[in-house]
């Protein structure tokens, strides 16, 4: 969709929203029927035009997909055996495109920022993901078609229902706003919260068969085992980051025991999606390029932030998303950091560098926005997070995640492994600290506590 079409669609969307608000106001004020019907008429006229644009998107997408398949840019894996959903191969042209993208990525980040590039194994012991939280929290909620056995993501069904419900020209502005809230938060709703709207989504979208209830969690990691006995459980990694965290001490020492430093990694990752869809946008195996930037937690300024501070980006802060009818707006990156929308110069620097990389890659800046995660959708490890989203025929799609993970991962692996994954700071002058120390009188404790004496001594030693 080119810029004029995009502008046209937004104008029509706003017209529909404004007029639906007017309809709701007239209905609430018990206006005369002819006046209310006249107000309803504009949304009904506008919606077919909007649908025509959406139809053009679908036709264009179908033509592109067929061309990419015919020219072997990308095609379904093991197609002679009918393939498996979510698995794709790159042909010669597709592989060349991938290599060119990764080459530019290395030039823009690894080379320019003097990062360490490493390659860690994809097979990972269970203990690693127990520590990181992935075993418990890397899940989606699913339901089952009780007739044909097909599985569906519960949040996708709820989102689809809400989007279709919003197309009803008779819906009130208040109900539309409530549906918008559900759509914005749907991927983060608990099974109980999804159950609150489940009576509207109790049948499968195509077969209309009944669906299981309530939704149950499904872990997205592929489980495996090591060795002949199968007693040591492992997983195929869903992200490359955990290898970098577990090896932190080695990289820190290699960097002269100095902060900050960054570790980059490109590799295959695996996610057992419940219902892969949207072609290459949701697959079960794909290439991920990640950077872990380690910085002093109390010194998150960045020496090169001034290089990107004046960039004006389409940004969608959390506060704006929580207001009805708002869109992303152009903000100066320096201003976004100064106002606290972005929590530090370091995070702001990488937002700016991602923007410059994507523009250099050929992404239209009018179709590129940075969306702030809402508080309820933040990952369990994040203190702040922004997504670079690109507008395509499927709408706004997340392509890059930029998160402040704080010390979550290093602290978790330190506690579980018993190895201190920490950095040390040399102070210009020593800091004197007064500490209350309890020195137990053992000859008094023995008679008083007898067999519990050891437990009492250990309790007194706790800071």
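Just so you know, the numbers here start at 1 and follow the chain as drawn.
Cβ atoms here come from the backbone N, Cα and C positions, even for glycine.
Note that the structure is predicted; figures quoted are calculated from it, not measured.
Among the features that Swiss-Prot reports, region 'Disordered' is placed at 25-54.
Residues or ranges marked as compositional bias 'Basic and acidic residues' in Swiss-Prot: 44-54.
Summarising the annotation, Swiss-Prot assigns substrate binding site to 153, 239, 286, 287, 288, 289, 290, 376 and lists similarity to another entry as the type of evidence. Its Cβ taken as reference, residue 287 (substrate binding site) is surrounded by 13 other Cβ atoms within 10 Å in the chains shown.
As annotated by Swiss-Prot, ATP binding site applies to 271, 272, 273, 281, 282, 283, 284, 285, 286, 398, 399, with the evidence given as similarity to another entry. Using a 10 Å radius centred on the Cβ of residue 286 (substrate binding site) and all shown protein chains, the other Cβ atoms total 15.
Max Cα-Cα distance over the annotated substrate binders (153, 239, 286, 287, 288, 289, 290, 376) is 28 Å. The sparsest Cβ neighbourhood within 10 Å, among the listed binding-site residues (153, 271, 282), is found at 282.
Recorded residues residue 290 (substrate binding site) and residue 399 (ATP binding site) have their alpha carbons 12 Å apart, per Cα-Cα distance.
Within 10 Å of the Cβ of residue 284 (ATP binding site) there are 19 other Cβ atoms, across all protein chains.
Ranked by CA distance from residue 273 (ATP binding site), the binding-site residues 153, 287, 289 have 153 at the top as the closest.
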